[in-house]
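Heads up, the thing below is written out as structure tokens.
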Amino acid sequence: MMRSHYCGVLNRTHVGEQVTLSGWVHRVRNLGRFIFMQIRDREGIVQVFFDEKDEALFKQASALRAEACVQIKGEVIARDTSQINKEMATGEIEVLVKELVVYNNSEVLPLDFNQNNTEEQRLKYRYLDLRRPEMAERLKTRAKITSFVRRYMDDNGFLDIETPMLTKATPEGARDYLVPSRVHKGKFYALPQSPQLFKQLLMMSGFDRYYQIAKCFRDEDLRADRQPEFTQIDVETTFMTAPEVRAMMEKMIRGLWLDRLNVDLGEFPQMTFAEAMRRYGSDKPDLRNPLELVDVADILKDVEFKVFSGPANDPEGRVAVIRVPNGAEITRKQIDEYTQFVGNYGAKGLAWAKVNDVNAGLEGLQSPIAKFLTDDVVKALLARVNAQNGDIIFFGADSEKVVTDAMGALRLKVGRDLGLTDLTAWKPLWVVDFPMFEKDDEGNWSAMHHPFTAPKDLSPEELVQNPKGAVANAYDMVINGYEVGGGSVRIFDPKMQQTVFGILGINEEEQKEKFGFLLDALKFGTPPHAGLAFGLDRLTMLITGTENIRDVIAFPKTTAAACLMTDAPSFGNPKALAELAIQTTVEKES
């Protein structure tokens, strides 16, 4: 027998037992008469010790380095009260070693387990980084999340059905990863950005409730919460309304938080996209932060200060403020830093006013823009934001997009900087009623979610007449400022689907080429269907309390979409490329 117990499960109930443990040497202390070691495995750490009375065993133990892989056999002993380590789950006991087997000693480590290593080091030696208890715990949590999801789905009649990994390139927003075909030279498969069309086809096939823990691929610029390959909890249903889908998925997430964190999230509030953008400057608002954007264009439209009155009178403009309680303590240096910060979002500056005496109107303000304001304007402004003595008010005035983006980002930053954001809280919500379409950089319509999302209460003819005003029957689940899931009711009428494609600039020939199979399927008794997908990586990131998605993926890529451990991607073998009829335009570096 190579193991009788996991290291991390031993406790006082095992005192007197003979145990066999296998794992890694976590830490060594040689005190002369005794050698104390911490032995670690997947489930935790336990202290073992060697007595110098057994000379051969003591000598063998003396040669061990950290991260040596060993087996020990010994007796579980209760520690003296003074020696109990309350920081360790196994801190009430230790193991007197009687036999030692060294499976493999370790060379000097390229990582220091007790120090902060660079992310580059951690990714290059990922197999060592994953031995760290906090990393092991995160991946164990991930496994328990997927186990919970599978149980919930099974209990609610969902079928786990796999969809193809080699599929057809379709416009879903990001670039595809292409896979060349050897048999069909010059042609390429695409790795799926999501199982979207296949899960819709499964609903058309009558499977009613589908789910899949699905690997997805997107060739896009990466951020801290993005990876080129990621995992979705993918869900689709027939004959369920959007509120019914949301209720079922909300119940799952509430159950998951209760299971993993013993936290009751309560019933999720619901907010429209328009309200979220107006009040928080984001379609994924972090409700732990009490600060809000307040529109004041109507108050400032007649002031002589063109920086305010210009956008206030522009139909495409916006003037909004953020009141920061007790923000008068913010220094001029901090204000300058915030001014530079909002510049990253296109803002040309950041006006501000400190409220020294709310009852004194204009005279009670300390602000470089006070000279441009009247007493009546100031009083109306202070009343609108419910200002108090000691507050600071930040102003944003520009195009609607610039103000919304800049002030939304400033809200988050100030909330963090001043400790206003309650980092211990959980604040979930549903964001609903998204615009159906948005303009891209070239002024053309693009789908805000994807081209298969149904509009709310519109005929194809009405949609064509007013695409700008169309509201999608779409919904996102947001927790603490992270979009953890999103979905919609799908189009199940072929005419509506063709209409949406047309608005997006996809002509009939292109529709037939790229989506002919879908348009054909829609003709044969397609049922109403809806669904959504959760980001498993992002859910795990939230539940484990890390802010880097790479911490919850076993073998992640860098922000340059590279694997430092395996050196992927790499140049293709010339013979293999020739078989695929591929010639590269980039020369391999010598």
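Cβ coordinates are placed from backbone N, Cα and C, and glycine is handled just like the others.
As annotated by Swiss-Prot, L-aspartate binding site applies to Glu172, Arg218, His449, Arg490. Non-local contacts of Arg490 (L-aspartate binding site) by the CB criterion (under 8 A, 6+ apart in sequence, same chain) comprise Gln200, Met203, Phe452, Thr453, Ala454, His529, Ala530, Gly531. A strand conformation is recorded for Arg490 (L-aspartate binding site) in the three-state DSSP classification.
The ATP binding site annotation in Swiss-Prot covers Arg218, Asp219, Glu220, Gln227, Glu483, Gly535, Leu536, Asp537, Arg538. Cβ neighbour count for Glu220 (ATP binding site): 14 (other Cβ atoms within 10 Å of its Cβ, all protein chains included).
When pLDDT is averaged over the region 'Aspartate' (196-199), the result is 97. The annotation region 'Aspartate' is assigned in Swiss-Prot to 196-199.
Taking the C-alpha positions, the distance from Glu220 (ATP binding site) to His449 (L-aspartate binding site) comes to 16 Å. Packing around Arg538 (ATP binding site) is summarised by its Cβ count: 21 other Cβ atoms lie within 10 angstroms of its Cβ, all protein chains included. Shown in sequence order, Asp283, Lys284, Asp476, Met477, Gly535, Arg538 are the residues of the chain, 6+ apart in sequence, with a C-beta less than 8 angstroms from the C-beta of Glu483 (ATP binding site). Mapped onto three states, the DSSP output places Glu483 (ATP binding site) in strand.
Of all Cβ atoms in the protein chains displayed, 23 besides its own lie within 10 Å of the Cβ of Leu536 (ATP binding site).
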